[in-house]
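Trainee: What Swiss-Prot lists as active site is 137. Among the features that Swiss-Prot reports, Fe cation binding site is placed at 94, 136, 140, with the record citing sequence analysis.
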């Protein structure tokens with residue numbers, strides 16, 4: 001297994017729309033290794049979700065584990081939200097936008113259809129943190145970041161803060 005480099009805002013590759021993954025590819029050993037590498041990268045970061053787009057792989061899949069013990073890994077391949085209900089405001093952060101947190105309104109409950117890591121079709125009802133995480137990671141697959149939900153003024157403040165962090169780091 002290997003740690004993968006995570007793209008950071010404002011890298012334009014984060015804006016790339018991901019393409020669907022073929023079922024034959026899902027079961028390949030190289031794809032399974034990539035999933036394992038993504039989990040290792042997510043846990044090391046540390047994070048609770050990681051979309052393929054964030055590691056410069058522009059295919060529609062993501063890994064998630066919102067458990068406290070980090071023992072409930074979930075893979076979502078070609079995810080689609082079937083239904084959304086209610087609203088919740090959650091303070092979100094992102095491995096691609098380090099050090100920034102902001103309130104984002106998302107659906108309280110979702111039903112998502114997807115392929116699991118074995119290529120089998122699944123359907124899951126998610127609420128709370130899991131629902132937020134799935135919606136956040138699915139946004140990445142569409143080239144969207146959580147900061148896109150902010151006002152232009154707040155987004156500009158985020159950009160300046162990140163530039164300042166990078167200058168300090170170099």
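Backbone N, Cα and C atoms are what each Cβ position is placed from, and that goes for glycine too.
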Trainee: Quick check: which same-chain residues outside 94, 136, 140 lie with their CB within 8 A of the centre of the Fe cation site CB atoms?
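Mentor: Same chain, not in 94, 136, 140, Cβ within 8 Å: 49, 51, 54, 92, 95, 96, 137, 139, 145, 146.
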Trainee: Using a Cβ-Cβ cut-off under 8 angstroms and a sequence gap of six or more, which residues of the chain neighbour residue 94 (Fe cation binding site)?
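Mentor: Once residues fewer than 6 apart are set aside, residue 94 (Fe cation binding site) is near 9, 100, 136, 145, 146, 147.
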Trainee: I'd like the number of other C-beta atoms within 10 A of the C-beta of residue 140 (Fe cation binding site), please.
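Mentor: Taking every protein chain into account, the count is 26.
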Trainee: Provide the number of Cβ atoms within 10 Å of the Cβ of residue 137 (active site), excluding the reference atom itself.
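Mentor: Result for residue 137 (active site): 24 neighbouring Cβ atoms inside 10 Å.
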Trainee: Could you tell me which three-state DSSP class residue 94 (Fe cation binding site) falls into?
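Mentor: Note: residue 94 (Fe cation binding site) is in a strand by DSSP.
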